[in-house]
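Asks: Once you've had a glance at the structure underneath, I'll fire off some questions.
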Amino acid sequence: MTVSKYNGVASTFNGVARRFDFAPLEADKLNWYPRSALPPEIPAIDLNKVNTEEELAQFLVDIRKSGLFYIVDHGIPEEISIGCYNAFREFCNLPEEAREKYNTDESFKSGGYVPFKGTSIGGGNLFERQKDFVVKFFWRGPSVVNRSPNDRFAEFHDEHHRKTAELAEKIITTILKALKTRFPEFHPDELKDNINVRNMFFSNRIYPEAPPDDGEKADYRLVPHRDLSFITLANQVPANNGFKGLFILTGDGEKIPVPPIRNSYLVFIGQGLSYLTNKYLPAALHGVDFPDNTNFEGSERASLISFYEPNDYMMPSKNINPLPEEIFEKSCTFYDDVGVGRAGTTYNYVRYKFHEGYYL
């Protein structure tokens, strides 16, 4: 157990030491799903085809279906994401004592390792807390010196950060243009300060084939939650047995599995963007399921999760005024719970409140 501090708040990493033997990933041998397997709530969007006012208006309709959508044909070489996955898998195969050297709750600032079951999302799963059944490595990007086990690890992670930051900026710019089709008084420059590569970090994640221990109360690999971010980008690779672990929950409580589509990026609208648009855009409620007891073998999955944080100074747009029936009331519940209103706040305050209750 490691006890350290983040912004003066004591945090405990009570992770579980585990031995791993992860084989390298080969993209051509993975059980990808076709785009036709996507449910209607999760559209696949090519941003190169979103240009005209009509296309922007349809894009806005599509991203409001669930707050989650795929970006395809984005131009990021698949070798970058696969290289990231394999560098982390190689790291995880080291003894826990060697990995532990990179374990620190400063990971959100300058990278670092989080052991299996080392975190728990405060406020997720209706405040029923459980540990996350995942091992992670956070990466802040080339603007800082990250903790890294070797140069190859750093090169792949820096390049993934650069490419996904460029894609995120294109996505954000398109979203802001699309908002103007519904709210003519809104101007994209109003929220342009949220486009800042220094606001992004990502985590490399593996969900091992690990069921709960006997007597352990755990309903999910990762409990249902909404990200605090402006937007979140996610690349995911499939489980060998075809199990679809990632899911979203719709407004009526329906659970919809999210199939992994080859070399594509999921976009989750975050609570930050929902807050700044006065809950017009819905933050996606999502989590990761366990397989059933007969389906654990081959259920390991992995993902690269890039959090694009909002600008520190946060003021909801005065020119985005949705009708009552257009508002997603529960879309930024963490912001509501910590007492953030239309008068604005700083993201540092929101983040501090989050970290205060994040780690078990």
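Cβ atoms here come from the backbone N, Cα and C positions, even for glycine.
Not measured: the values here are computed from a predicted model.
The following feature annotations were taken from Swiss-Prot:
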type: BINDING; residues: H225, D227, H286; note: Fe cation binding site
type: BINDING; residues: R301; note: 2-oxoglutarate binding site
type: DOMAIN; residues: 200-310; note: domain 'Fe2OG dioxygenase'
Asks: For H286 (Fe cation binding site), write down the residues of its own chain that are at least 6 apart in sequence and whose Cβ falls under 8 Å from its Cβ; none is a fine answer.
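Replies: Listed in sequence order: L68, P224, H225, R226, L246, F247, I248, L249, V258, F268.
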Asks: Specify the secondary structure state of D227 (Fe cation binding site) as given by DSSP, simplified to three classes.
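Replies: Where D227 (Fe cation binding site) sits, the three-state DSSP reduction gives coil.
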Asks: Kindly report the helix/strand/coil residue split of the domain 'Fe2OG dioxygenase' (200-310) according to DSSP, in that order.
Replies: 6 helix, 46 strand, 59 coil
Asks: Can you check which residues sit near D227 (Fe cation binding site), meaning Cβ under 8 Å from its Cβ, same chain, 6 or more apart in sequence, and list them in order?
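Replies: In sequence order, the residues whose Cβ lies under 8 Å from that of D227 (Fe cation binding site) (at least 6 apart) are F268, G270, Q271, A283, A284, F307.
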Asks: Please give me the CB contact count at 10 A for R301 (2-oxoglutarate binding site), counting all chains in the structure.
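Replies: The Cβ of R301 (2-oxoglutarate binding site) has 24 Cβ neighbours within 10 Å.
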Asks: Check the domain 'Fe2OG dioxygenase' (200-310) for me and report the mean pLDDT.
Replies: 94
